[in-house]
């Protein structure tokens with residue numbers, strides 16, 4: 001990794017048709033210049049938390065405070081929201097992420113190894129249980145209900161007003 005003393009010979013060939021005399025900034029995608037950081041909420045799970053000062057504090061037209069008070073309270077609101085969020089995430093984000101990971105791992109394990117095998121077993125057994133239940137219903141419960149229904153169908157009530 002020493003000092004290079006040789007000259008590099010570089011040439012660039014461009015067609016006149018493909019060469020644009022514009023800088024290209026006016027044609028660029030504006031989203032590339034907004035924020036190059038990753039989107040931490042791609043599914044918009046917390047879109048309801050995007051609250052501004054005007055969403056929380058609102059003065060009607062008839063009652064306005066002094067402009068300096070409004071500006072200072074707006075600045076204090078934004079700064080305190082920013083600082084408190086950073087402070088809370090420093091102390092709570094890692095432990096809560098750890099606990100959430102344990103919780104979701106436990107729930108996943110229970111779902112995969114206990115709940116789904118139980119459900120699949122029940123679904124495998126249910127056709128035979130259904131056949132047995134239908135036989136019991138046809139042999140015992142249906143005749144019993146039929147005889148009770150016939151007994152009560154012969155009962156008649158007569159009301160008289162005396």
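Cβ coordinates are placed from backbone N, Cα and C, and glycine is handled just like the others.
For the ranges 66-86, 87-107, 108-128, the feature annotated in Swiss-Prot as intramembrane segment maps to 87-107.
Distant neighbours of the intramembrane segment (87-107): none; no residue of the same chain at least 6 beyond its ends has a Cβ under 8 Å from one of its Cβ atoms.
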